[in-house]
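Taken verbatim from Swiss-Prot:
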type	residues	note
DOMAIN	9-244	domain 'ATP-grasp'
BINDING	Lys46, Glu99, Val102, Glu107	ATP binding site
BINDING	Asn199, Asp213	Mg(2+) binding site
Amino acid sequence: MDIHEYQAKELLARHGVHVPRGGLAYSPEQATYRAREIGGGKWVLKAQVHSGARGKAGGIKLCANDEEISSAAEAMLGRKLVTQQTGPRGKLISRLYLEEAVDIAQELYVGFVLDRKEERVMIVASAAGGMEIEDIVEKEPNSILRTSVDPGVGMQRFQAREIAFGLGLDHNLIGKATETIFSCYQVFRDYDASMLEINPLVVTRDGNLIALDAKMSFDENALFRRPEISELRDKSQEDPRETFASDRGLSYVGLDGNIGCIINGAGLAMATMDMIKIAGGEPANFLDIGGGASPERVAKSFRAVLGDKNVETILVNIFAGINRCDWVAEGVIKAIREVGVNVPLVVRLSGTKAEEGRRILADSGEAVIVADTLAEAAEKAVAAWRAAAKKKAA
């Protein structure tokens, strides 16, 4: 689960990390009012969306007076911000954050992520932060500092101090940097975060360290013990397809293709998507119906997939162990008759009760394309999609 920049900064500020003074705004009038509250002569207006690279996409504006603030707010609110991280759909800007401009002397980068392979927290830092950090990582990988933290003992202050020295900071900033890095780790740990990124962490001309931007993601499996974090969720920033599926207990990830996928098991789902691409198609989603799939659960899956208007074909691929193919087949027929499946449908059933499942499909009289193997299922799905697209274009 992601949260907004201003929410992440509130969490950081509670732990002693310095952030610019700022305020939330939902209208141009509120934005100009916030400027008067904050004071000063320059402000930065930021679109609050769950994405990085906002500056390059026009989501961050430096303003010097009320007119510039109002104009920038008017241009941002209500439109979708498209960045390299949002995909072509973009994300709606419904709130803005106005904060005081900061006189920057140097931009740094500090990030905290889970290294799942090593089962440790990895701290990544660079003396060159800002909008070009991705290019720096690619072109100058040796300039990136990496420190791993043993979860058994947690981060030690000497590690934070080593990072501060590694960033090449002036000696009078080492103490401040050590405390800032250590406090960021505490926020990461105490709220069950999966990612915390400060980019940039700036050195100001008067010798302070300020978190100028902040991104945080959280482990959804830990939200039951973090109700204060759950309350920060903004569903308007999430893929509505994923929200619909999540509310119904389905594991769903939206993609940008045209072939909807209903599959059991993450491994089979990924293999199926690979086969669809090899056959020349593009998957519209990842949907794992899980074990014990009842007819009702299968029907819910169809509703989730068909909620994406880009879906022009559906592929159901089931390898039943815990599941039963006859139950899945009943769910497919239930979905066709109750949900209304108006796109080509390819079904491959294998494993427990597979013969019974195929018989149910055959006896139903519904237009279901049956496949025996994974490769055949992917090829038939792509062929059906192409035929449907050709018919639609005619």
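Heads up, the Cβ atoms here are built off N, Cα and C, so glycines get one too.
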Residue among the binding-site residues Glu107, Asp213 whose Cβ has the most other Cβ atoms within 10 Å: Asp213
Segment confidence, the domain 'ATP-grasp' (9-244), expressed as mean pLDDT: 92
Number of Cβ atoms other than its own within 10 Å, given for Val102 (ATP binding site): 19
Rounded distance in angstrom between the Cα atoms of Val102 (ATP binding site) and Asp213 (Mg(2+) binding site): 12
Extent of the ATP binding site in Å [max Cα distance among Lys46, Glu99, Val102, Glu107]: 18
Neighbour count (Cβ, 10 Å) for Asn199 (Mg(2+) binding site): 21
Set of same-chain residues at least 6 away whose C-beta sits under 8 angstroms from Glu99 (ATP binding site): Pro20, Arg21, Gly22, Gly23, Ile38, Trp43, Val44, Lys46
